[in-house]
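Pulled these features from Swiss-Prot for this protein:
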- 6-26: transmembrane segment (TRANSMEM)
- 32-52: transmembrane segment (TRANSMEM)
- 150-170: transmembrane segment (TRANSMEM)
- 184-204: transmembrane segment (TRANSMEM)
- 205-254: topological domain 'Cytoplasmic' (TOPO_DOM)
Amino acid sequence: MDVGTIIGIIAAFLLILISILIGGSITAFINVPSIFIVVGGGMAAAMGAFPLKDFIRGVLAIKKAFLWKPPDLNDVIETIGEIASKVRKEGILALEGDIELYYQKDPLLGDMIRMLVDGIDINDIKATAEMALAQLDEKMSTEVAVWEKLADLFPAFGMIGTLIGLIQMLRNLNDPSALGPGMAVALITTLYGAILANAFAIPVANKLKKAKDMEVLVKTIYIEAIEKIQKGENPNVVKQEAAIMLGVELPEEV
């Protein structure tokens, strides 16, 4: 688990809360109708922008933002190097006993190793793996898009709520004493929208995008590495190319 997102979001809300408490009573910043407009309206509009199944999956993907663990890039490189070395020394069938281990490291890698051991043509293996990767990319991109849409809609509905409040306030211009409190209530929805977007939805969307980009990159490297390994390329070269793609500097002796 990468705790950065959890710490960041909690810290943002705490700092806002502390600032409110220092300036006065927190009750002045609580308005239930405003919450309904911003949260309910934003969620409803986002639901209308996606197929229901995609929207639900996207919202539930919030767990990934908090629980996703970045892959160990050095382990990815070492795994590729080990596979390449074993194939070069003992042949492809030597990988059969380690298929379950490769599945644990990455399901797509496990699938490719299994197909390789089964003697399936490398072009078919690559095509199947790329198709699976494209489906994963599309799925994770939709999850990111849901949260990016929420980040856009929360402030928009905050403004809608503010306009509603202003209209209601202007209907009571005959009572000047009510203008100040009315304006304050009207602006609360804008505040809610800004907070939810910038302190919550945007961080979640960015974390999901980071997870997607890293997952796609690692799996792409596995696909290219397996192709090179099957063609008998030098293990050190395969390993070095993977390290370059991942931005990892290998020891000079490798």
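Glycine too: its Cβ is placed from the backbone N, Cα and C atoms.
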What is the pLDDT of the topological domain 'Cytoplasmic' (205-254) when averaged and given as a whole number?
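For the topological domain 'Cytoplasmic' (205-254), the model's average pLDDT rounds to 90.
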Quick check: do the transmembrane segment (150-170) and the transmembrane segment (6-26) share at least 3 Cβ pairs under 8 Å, counting only pairs 6+ apart in sequence?
no
Hey, which bits of the same chain come close to the transmembrane segment (184-204), Cβ under 8 Å, at least six residues off its ends?
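Sequence-distant neighbours of the transmembrane segment (184-204): 5, 8-9, 12-13, 16, 28-29, 31, 34-35, 37-39, 42, 62, 65, 147-148, 150-152, 154-162, 164-166, 168-169.
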Per DSSP, what is the helix/strand/coil residue tally across the topological domain 'Cytoplasmic' (205-254)?
38 helix, 0 strand, 12 coil
